[in-house]
């Protein structure tokens with residue numbers, strides 16, 4: 001029995017190590033800033049603009065925090081929440097700068113990308129921040145788009161976790177004409193126009209042909225997440241789409257929208273079933289969001305689609321590109337669950353037999369065999385990975401037992 005105790009001890013140690021490694025890489029900017037009330041306004045707007053979610057998602061980040069007094073300078077200008085998001089995204093650097101690194105900048109000056117730059121919101125290099133080590137040990141910051149004026153200086157370090165996250169207090173808000181520029185209000189965000197400009201014209205066309213575009217557009221103000229299949233995926237699916245009834249066509253299109261804004265970080269942290277625009281009464285029309293590392297997949301029980309990237313992120317609207325058309329089980333479940341009808345002792349007329357055996361108008365055809373094969377392959381791969389993990393654990397346990 002001693003070897004069993006050793007094996008159990010090894011398993012506990014492995015679990016604790018895994019838990020420690022997971023927690024050691026995590027950070028929460030909201031909790032970090034909540035420790036100092038001087039940053040309460042800055043902290044509030046990081047959450048309100050969902051920048052906090054993006055900060056927590058990244059493994060290497062620097063936040064240039066400003067106190068309540070400095071924040072009042074931009075709030076008094078009456079900027080919209082979307083403008084404030086752009087301005088604050090200049091304060092999030094996608095590289096690590098601790099106090100030590102600030103004073104060891106090569107040649108005394110450098111420029112680094114902010115989140116305003118890395119997310120594609122900025123044009124050219126207008127989202128870069130200039131950092132300069134001035135004589136006397138002072139460090140100054142300025143937006144490259146603002147004639148590289150050094151408008152703020154380093155005050156103190158708030159929190160540092162080397163090479164993961166650094167929170168530095170700076171004296172003034174960093175801003176620029178481009179960041180302050182008015183952004184489109186939700187009612188100005190025309191979804192079909194956005195889709196057509198972002199390589200989703202085929203999906204935009206079926207939105208309009210079914211009349212579902214109005215439902216999507218009417219939902220934008222309250223929050224909308226759209227999963228847009230690529231043009232090639234829609235093109236491959238069109239023969240089956242054309243065979244659907246009008247009601248099922250509309251339901252399938254609505255199935256690609258969620259009536260809530262969900263950033264990529266929210267999707268990654270919220271595994272489970274989600275409702276869609278097609279959800280109504282007993283018709284669930286939901287699918288499951290699953291995460292595997294950095295990858296996000298959408299599982300419908302009929303097909304699994306992968307999120308390929310973000311096409312548009314302007315709260316309250318976000319649009320993702322996916323690699324497959326989402327097929328709801330409410331439309332295709334008959335194909336998955338139906339069994340052959342019992343043979344009748346009476347012979348049927350030839351034409352009736354043909355009608356009974358023929359595929360239904362809404363049934364998937366050849367491609368659905370491929371979907372089934374894909375699922376079997378995924379299960380096989382999962383079994384293989386599980387087997388490898390078990391083998392590794394057994395090996396470790398055996399090693400501990402031998403000690």
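From the backbone N, Cα and C atoms, a Cβ is placed for every residue, glycine too.
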Region 'Disordered' per Swiss-Prot, picked from 304-337, 338-371, is residues 338-371
Neighbours of residue 248 (N-linked glycosylation site) among glycosylation sites 28, 130, 164 (C-alpha cutoff 10 angstroms), in sequence order, are none
Rounded Cα separation (Å) that holds between residue 130 (N-linked glycosylation site) and residue 164 (N-linked glycosylation site): 21
Helix, strand or coil at residue 248 (N-linked glycosylation site), per DSSP? helix
Residue 248 (N-linked glycosylation site) CB neighbourhood, other CB atoms within 10 A: 17
The correct DSSP tally for the domain 'FAS1 1' (27-174) reads 53 helix, 40 strand, 55 coil
